[in-house]
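Visitor: Below is one structure. I have some questions about it.
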Amino acid sequence: MPFAEKKRRTYENAVKPLRKSRIYAPFRSIGHVSNAVPFDIEARGTHFLVTTSVGNTFQTYDCEKLNLLFVGKQLDKEITCLKSFKDFMLVAAGSKIFAYKRGKIIWDIDVEQEHGTVTHLDAFGEWIIACTSSRHVYVWKHASKYSVPELHTTFLPNTNADITSLLHPSTYLNKILLGFSDGALQIWNLRVSKRVHEFQEFFGDGITSLTQAPVLDVLAVGTISGRIVIFNLKNGSILMEFKQDGQVLSCSFRTDGTPILASSNPIGDLSFWDLSKRRIQNVTYNAHFGSLPKIQFLNGQPILVTAGPDNSLKEWIFDSMDGAPRILRSRNGHYEPPSFVKFYGKSVHFLISAATDRSLRAVSLYQDSQSTELSQGSVISKAKKLNVRPEELKLPEITALSSSNTREKYWDNVLTAHKNDSSARTWNWKSKTLGQHVLPTSDGTSVRSVCVSCCGNFGLIGSSKGVVDVYNMQSGIKRKSFGQSSLSGKPVTAVMLDNVNRILVTASLDGILKFWDFNKGNLIDSLDVGSSITHAIYQHSSDLVAVACDDFGIRIVDVQTRKIVRELWGHSNRLTSFDFSDTGRWLVTASLDGTIRTWDLPTGHLIDSISTPSVCTSLTFAPTGDYLATTHVDQVGISLWTNLSMFKHVSTKALRLDDVVEVSAPSVSGEKGISVVEAALNVESNAEDEEDISYRTMDQLDPNLQTLSKLPRTQWQTLINLEAIKARNAPKEVPKVPEKAPFFLPSLKDQSEATVPKQPIATEISKPTAVASIKVSGTEFSTLLHGNDDDAFFEYLKSLGPAKIDLEIRSLDAYPPYEEFILFINIMTRRLSKRRDFELVQACMSVFTKSHEDVLLMHDTPEDTVPVFESLKAWESVHKEENQRLLDLVGYCSGILSFMRT
């Protein structure tokens, strides 16, 4: 079929539009630590808790080990302020303030929407204060922890300058300080809503931060010009003044007895000032990648906590002789959106992710503290010596990655290609460090693709001019090269090797897929797919290669036959990533058109299509099939989606190409998401899939096909051999009579004789009369046998056990005129002629002939047995005909198979 027709292909049996995704449900987003919103530290006795904002929710860590304690409930808008207050965590988002307790919302208050969003938040005593973007100040009074705060007052300072900082000075009853962008500092009384005093001439520049000193009436005022003013609030005098590079974003006083003041600037530097000597002590450059909106010393400890929009939270300890801090512990993630993600190994414990921030990270799905960045050496110390930023000394951005966990304990097992770099780098996963080998291309051009063999011994790199070099991962020695004799001059966009290192598959931008003998090094075959290949992946369990092309199509190639077996069309823009499912049955693709589509490869149908808020840049399917992990252009985290097909039936009916479901991305808290346990216990089905789920297999596909009863094999085998089984299970010895008990202990025999009354001996009745009395009531077996519904009879027969069926057959009326014999033989003959329940019919007739053989042969008069023998002859005729038909078919198939084997 021409490509144009395939692009226009529609499915006549496509179902109606979906309301939600069939396969995927958002689970949670991982890899988030902090953003530009200032954090909050809460003292709980001798322990400290630090809370950071991550978009629409917050995370709380224990400062002792930086373990993640809990995540707050997701909000509709992004968080702007955090403040701990009594047992609550106050969170401002938009025009509302929410009170959380252990991650759950207890109550909320709000400001008028026309006054803008909340920009500053503070709380002390019974007061809660919020400043808005329109310079309005709201004051609430919180009477008790069980009540919702009541609005006390609202006031608007008489100035056109914006409020830039808010602080409650210690011991100043009902007072707050407001810092403004024009350099003014005002004291306000909350109870009467009046300005008490204003300091205008002391600072000049706009105030950016206010920090309370350990000494009463003293605070540090930071300005936009970099001035740090130590100001006495009581007498309105400047005690000392410092000047740093860049504006002052935050200040903090050390409270363990050492007179040190720390300050931060927008480029991530930390400055430490000796207050006793009134000079700078040292500067820590590039403490963070980007600004530091807040820094704070832990009360009474030489530990400084910092966090910023570089998605990192750090604790610095001052234990060196020169007073310079060192990192005590930290939690961090990518500070730029990841561009590549892949599950490591055969489990879902770790993800490997790479981003444009030039870092390679191991992200744990089990515990946040296990996530770490793979070290690139002493980058920070080298940056200090060269006076450059650390990211400038890191390796270029990673463009391709491959790994194998087979030899991870012995040598490097991760291989990466870097942007505009002519060498690939090895990494050691066990030590989480950069490896010792640098693998250059033989033609000197940049590396475009990499591959690590399944055995972990070989690393393959594809160059920009069509050459593939093979290196030993243990020694870093080059072993062979492919492509010099048939140099295409086009970049090798994918290098793939099968499980046993027998066939090497390469893809290039000229649209040629080449198959090489890996051991001999010669070209076996090549396949032109008709369009430039941008990427390709190998599915080892099924020997399939998926190829993404410039014409927005995906081709599925069988490595054994070297032919295109499927072509998938539906994306309207370039493909960014794709991956096979764990079973190889599905292919999940992502494109710049904003959709993630799932294709069923056996049928070639589109079975799921979702649209995410931002474009997916990379995706990977879990080796266990539990999750789908995705990265997006505007998110520093990694999104996890639960695979619902692990816990319920998923319809594979074709969808229309324009049937796309808009879904929300997974949240950090997992709010409105479906976990693996929830998916297993409570999963709702789509309405359009109910019909497909309730489908039942037909009783018989075709009248010419022999159909079995679908009973377990042991059931009809036991029925045939029931007498032998009973004989085998019979006791070999006669039960022994128990010894006579002492005279003072009654025996069981005595008890039974004493308790069970003797029944009168019944008078002997004739055998025909006894049988007649039994047949009066009848059984369900006998009732259905006398009826006209063969299907109902066999359904009841299938519900019985082997012993019950044997008993019912033996209980057939064995006296002239043998009516039940005739009915039983006839119903079995009709069932056999319909070619249904073949093995059950054979087993029942075998039991019937064995059980009643003596009755059929020892008859009284010929007239009584004529109808029975006529029924048996009819059975014999049908039985011989059907057996001969089956023998002919089996013989034919056996002959064909023997011919094909030879």
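Cβ coordinates come from backbone N, Cα and C, glycine included.
Values in this document were obtained by computation on a predicted structure and should not be read as measured data.
From Swiss-Prot, for reference:
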{"type": "REPEAT", "residues": "40-71", "note": "repeat 'WD 1'"}
{"type": "REPEAT", "residues": "119-154", "note": "repeat 'WD 3'"}
{"type": "REPEAT", "residues": "164-198", "note": "repeat 'WD 4'"}
{"type": "REPEAT", "residues": "206-243", "note": "repeat 'WD 5'"}
{"type": "REPEAT", "residues": "249-284", "note": "repeat 'WD 6'"}
{"type": "REPEAT", "residues": "289-332", "note": "repeat 'WD 7'"}
{"type": "REPEAT", "residues": "399-438", "note": "repeat 'WD 9'"}
{"type": "REPEAT", "residues": "447-481", "note": "repeat 'WD 10'"}
{"type": "REPEAT", "residues": "492-528", "note": "repeat 'WD 11'"}
{"type": "REPEAT", "residues": "533-568", "note": "repeat 'WD 12'"}
{"type": "REPEAT", "residues": "570-611", "note": "repeat 'WD 13'"}
{"type": "REPEAT", "residues": "613-651", "note": "repeat 'WD 14'"}
Visitor: Considering pairs 6 or more residues apart, do the repeat 'WD 7' (289-332) and the repeat 'WD 1' (40-71) have at least three CB pairs under 8 Å?
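Guide: These two segments touch.
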Visitor: Over the repeat 'WD 9' (399-438), what does the predicted model average in pLDDT?
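Guide: Here the predicted model's pLDDT, averaged over the repeat 'WD 9' (399-438), is 91.
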Visitor: Cβ under 8 Å, sequence separation of at least 6 from the ends of the repeat 'WD 4' (164-198): give me the contacting residues as numbers and ranges.
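Guide: Result: 120-122, 124-125, 127, 129, 131, 137, 139, 152-153, 155, 157-158, 204-212, 216-217, 219, 221, 223-224, 233.
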Visitor: Within the same chain, where does the repeat 'WD 5' (206-243) have neighbours whose Cβ lies under 8 angstroms from its own Cβ atoms, ignoring anything closer than 6 residues to its ends? I mean 6 or more beyond.
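Guide: Those are 161, 164-167, 169-171, 177, 179-185, 187, 199, 249-253, 255, 261, 263, 265, 273, 275, 278, 280, in sequence order.
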Visitor: Same-chain Cβ contacts of the repeat 'WD 3' (119-154) under 8 Å, 6 or more residues past its ends?
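Guide: For the repeat 'WD 3' (119-154), the nonlocal Cβ contacts are 80-83, 85-88, 90, 92, 95, 97, 107, 109, 111-112, 161-163, 165-168, 174, 176, 178, 188, 190, 193.
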Visitor: The repeat 'WD 10' (447-481): which same-chain residues, six or more beyond its ends, come within Cβ distance under 8 Å?
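Guide: Residues 399-408, 410-418, 421-424, 426, 436-439, 441, 487-497, 499, 501, 504, 506, 508, 521, 540.
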